[in-house]
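Enquirer: These came from Swiss-Prot, pasted as-is:
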TRANSMEM  4-24  transmembrane segment
TRANSMEM  36-56  transmembrane segment
TRANSMEM  67-87  transmembrane segment
TRANSMEM  115-135  transmembrane segment
TRANSMEM  140-160  transmembrane segment
TRANSMEM  180-200  transmembrane segment
TRANSMEM  219-239  transmembrane segment
TRANSMEM  293-313  transmembrane segment
TRANSMEM  348-368  transmembrane segment
TRANSMEM  385-405  transmembrane segment
TRANSMEM  425-445  transmembrane segment
TRANSMEM  488-508  transmembrane segment
Amino acid sequence: MNDMTLYLIIALVPLAGSLIAGLFGNKIGRAGAHTVTILGVAVSAVLSAYVLWGFLNGSRAKFDENVYTWLTMGGLDFSVGFLVDTMTAMMMVVVTGVSLMVHIYTIGYMHDEKVGYQRFFSYISLFTFSMLMLIMSNNFIQLFFGWEAVGLVSYLLIGFYFKRPSATFANLKAFLINRVGDFGFLLGIGLVLAYFGGSLRYQDVFAYLPNVQNATIQLFPGVEWSLITVTCLLLFVGAMGKSAQFPLHVWLPDSMEGPTPISALIHAATMVTAGLFMVSRMSPIYEMSSTALSVIMVIGAITALFMGFLGVIQNDIKRVVAYSTLSQLGYMTVALGASAYSVAMFHVMTHAFFKALLFLAAGSAIIGMHHDQDMRHMGNLKKYMPITWLTMLIGNLSLIGTPFFSGFYSKDSIIEAAKYSTLPGSGFAYFAVLASVFVTAFYAFRQYFMVFHGEEKWRSLPEHHSDGHGEEHHGLGKNDNPHESPLVVTLPLILLAVPSVIIGYIAIEPMLYGDFFKDVIFVNADAHPTMHIMKEEFHGALAMVSHSLHSPVLYLAIAGVLSAWLLYVKLPHLPAKIAQAFRPVYVLFENKYYLDALYFNVFAKGTRALGTFFWKVGDTAIIDNGIVNGSARLVGAVAAQVRKVQTGFIYTYAAAMVFGVLVLLGMTFWGLFR
């Protein structure tokens, strides 16, 4: 099998499974739908692992070829092609591996769904195909296709329960917010096409960069900026939408309206990593603009810290994990801004495993609670759901950066990158990611203690209480006990727990300090020496653990865990008093910094008001009633006046004739004697 065939199979097999499940779902049934989609993703996962292994043992070389030319227009070729290198191979394994776990898990989680079972499997398999096309692309056109495809499928999946108003609102919100980011992304691609050599293929664009190194572009009359800086910022606007960076992050928490498996897939391995992958892939461009990198770093720092604060007050078990995703995406963005692209991609990988684990473990707890998602109704689930308890503990330990867990190696590396960066804004970024360590540990173990320890709070609730999640989410009765989830749910948890512990230790040296990303990621070491300094400081994974004993990071994490234990295990009455004492801050967090209100009341309502103005004033009053109907009325009015002259009496016509003759005579004499 040649390389082209291999890569086509990896990309297209999930699409084939999606089409079969979607078009023939009623004929093949539920078992047929999940079998064909799982088989397709499993084939892709195995072949992706084979490709990655080839890169690791040196038997596989970088592949960059076009599959076919889609369109030729004005000397410009729009092609479909694959660029498969070490970064692509790593992402292929992450995407297909996590997707496979999600597919298997979905069999148990969606077991009781009466309708839409086949449709859901079709969607998640299509989601996998879309992400593969994005990461395997060798040109901006295919990148944009995958970019829009993951956006479309996420819209369908977030709104899977389309009869719920909250779900339809959430998927429309995600779609519209991402359109804002995509508009900037499209403008950036337009600049690349117009000024970077007239090609959209990555290798051609990168080769042309020296020709535009000092080029400027006029933004406004008398205002010129660096062409590369403007291009980088516009491309990053797209990343802000897809990877949910402040202030385009507001769609991500509401994506929890979709079923839990798709929450795991969106947050761990697909849509939210697209923007981070794109910036890393475009490292040769970004390395030419320190201004753009500073902006990226500051935005990532704001996202990491301030989204973490919002996770502290959440009571929905899935929303806690959602806000942790926002915060962790901020960490990765800080790494990008510090020119530590390899560190960002390393955290993308480790985060994918432990975040998928956390979401799926949360879903398992939700199953045990009869689909009640409110943590205030849980407690002591450790007694009833030991596998879910242990795997969520592992996920949280990795999330907060506990030594020897995967998240420790990647998260601490990001903090070190911010520390060593010399760009403007790096001081704020270092403070933000450092403070986020405490915040992350606090909300992660607040969730853990509320769910798995303490009193069994559902026993004090009314029977079949309403928790605001719809009729099917009725919760446990007073005398009911939670139950451990079936093997089809717990097996993916166990399998994801393994890389959540060991993958960081295995991968840190080759990915960050070896040559894994050689010739894939470009860093201008003279202008941005962060990685060069970190390489000198790194003496091995175990030495990194030893170094953490002298770092504030470990002690901030411990302080966060102890604070959560004190407030939610030893003194559970205290959080309510603290919230009351700091009521203004709590209300600010509860309203998510009022950004949703700003967007809804100013931008959404403002746009509708502007549209209403143009409709009523511009279209109806000026065009319809003014120009169109007004001209008709004018003709009618003139005709009505002229009609009065047509009386039918001879003396009227004679008087008109005499008047006309007098006018003509007057004009004649005026001309003669003037």
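Glycine too: its Cβ is placed from the backbone N, Cα and C atoms.
Remember, predicted model here, so these are calculated numbers, not experimental data.
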Enquirer: Is the transmembrane segment (293-313) close to the transmembrane segment (4-24), in the sense of at least 3 CB pairs under 8 angstroms with a sequence gap of 6 or more?
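Expert: Per Cβ check, the transmembrane segment (4-24) does not touch the transmembrane segment (293-313).
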Enquirer: Considering only the recorded stretches 67-87, 115-135, 219-239, 348-368, 385-405, state which has the highest number of Cβ pairs under 8 Å to the transmembrane segment (36-56).
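Expert: It is 115-135, which has the most Cβ pairs under 8 Å.
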Enquirer: Could you pull out which residues elsewhere in the chain have a CB under 8 Å from any CB of the transmembrane segment (67-87), counting only those six or more residues past its ends?
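Expert: For the transmembrane segment (67-87), the list is 3-4, 7-8, 11, 51-52, 55, 136-139, 141-142, 193, 198-202, 277, 280-281, 345, 516-517, 519-521.
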Enquirer: At an 8 Å Cβ cut-off, counting only pairs 6 or more apart in sequence, do the transmembrane segment (385-405) and the transmembrane segment (488-508) clear the bar of 3 or more pairs?
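Expert: Contact between the transmembrane segment (385-405) and the transmembrane segment (488-508): present.
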Enquirer: Which bits of the chain, at least 6 residues beyond where the transmembrane segment (180-200) starts or stops, bring a Cβ under 8 A of a Cβ in it?
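Expert: Sequence-remote neighbours of the transmembrane segment (180-200) are 75-76, 78, 139-141, 144, 147-148, 151, 207-209, 211-212, 215, 217, 227, 230-242, 248.
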